[in-house]
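Features as listed in TrEMBL:
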{"type": "ACT_SITE", "residues": "CYS349", "note": "active site, proton donor"}
{"type": "DOMAIN", "residues": "39-376", "note": "domain 'Orn/DAP/Arg decarboxylase 2 C-terminal'"}
{"type": "DOMAIN", "residues": "45-278", "note": "domain 'Orn/DAP/Arg decarboxylase 2 N-terminal'"}
{"type": "MOD_RES", "residues": "LYS67", "note": "N6-(pyridoxal phosphate)lysine"}
Amino acid sequence: MESVPQFALWPTCNSSMDPIVTLSRKITAERSDAETPFYIIDFDDLRYKIKLWNEVLPRVRPHYAVKCNANVAILSIFQQHGLGFDCATRNEINLVLSMGISPNRIVYAHTVKSPSYLQYAKNNGVARMTFDNSAELDKIKQFYSEAELILRLKVINTDRYKMSEKFGCLPEEAEKLLKKARALSLKVIGFSFHVGCQNQGSDVYRNALRLCKQAEQEAIQLGYSPKLIDIGGGFEGFRGQEVNFRKIAESIRKESDLLFPSDAGYQLISEPGTFFVGSALTLICRVVGKRNYKEINHIYVSDSVYMSFLPALYGDYYLRIQPMQSSTVYSEDSCGEGLVPTRIYGTTCDGVDIIVKQWNLPALEIGEWLLFYNQGAYTEAIETGFNMLERPTRFYRSSSPTDLEAAREALTNHMKREVESRSLGGKYI
């Protein structure tokens, strides 16, 4: 049997699942004794998301949130297709710059930055950055007075993952901060907000844009001319959620065109992460153990919440599961003849290592492989060393030779830099 390469040129199929299932079967056929999980990273899915974004939000230039998944092969696809990058730390900035990406394509989107991080940003020309408090202005004045500042506003919402408690200033605080920035001779270029992760409502975006307009009027009275509006992230990124995304995008288009028309020189940007990578990664794990307890099948797989399944601890996890030899994809709501209550555990010794608390699934046997879809966001990025588990292997597929070559080159260069850095006693990230 011909070995499956790490980078597989795979033609597009009518079904988005077909090439993933077919490739995973080829990989497991030649790894019949292996138990190490592996990812299939689908560049066609990344390109689909880029096309969808450009179609429904053409005015809004996305800056991919590197924290969501910092795999350099993925970053290389976004680099090739003209995206900007949202970085929150010095190491994220360093990683993006090391790929030859211009600092002008980076937004330093963290409202609280250490002095050394500010100095690093200054030394490397990363000028655009967010703030939301008075102490941060003092630091910026001391360490990077030439920075181009974006005031982050607090958006109150009731959706899934709130960002407003830790970040953002209230509308009544905005004027005070703008006055202080003016007194310190700092440059404010615009406003940002984040409505929370996987937010499903349109009203919150409309309200947030109106807050930006209110803050803009206050800034104009102080002599500023802010022209940048950053609508943040939080957009759903899984197949089947496009209808809701289009609805939200329509609301954003209408409100932003009304408040911040393009012919007036306004620039709109965003910081999506999950939207672009959420559905691009499929994780394939093996069943390594089973038992029946209190009429529930307990299944143990070769991965963990301490490795690839940390989002399972937080709920609202858009997971889909397919036994490799089946054509059926199961969700939390699945039911029907032949399905049994099933709990899926991770492979560590920790009792909280529960990936699925209880779904209805077919009877599963030791040695079977399971495909876990929608594993692209905050999975690779949050892997831990607990129990010294093996990291999943990575395989990359695309119908585009250009994308595969760019990704292969990016990974090769990244590994070379890591080796060079370690030989000097340091650590490259």
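Along the chain as shown, the residues are counted starting at 1.
Positions of Cβ are set from backbone N, Cα and C atoms, glycine also.
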Confidence summary (mean pLDDT) of the domain 'Orn/DAP/Arg decarboxylase 2 C-terminal' (39-376): 95
Residue pair the residue listed as 'N6-(pyridoxal phosphate)lysine', CYS349 (active site, proton donor) - Cα distance, angstrom, rounded: 28
Residue with minimal Cβ packing [other Cβ atoms within 10 Å] among the recorded positions LYS67, CYS349: CYS349
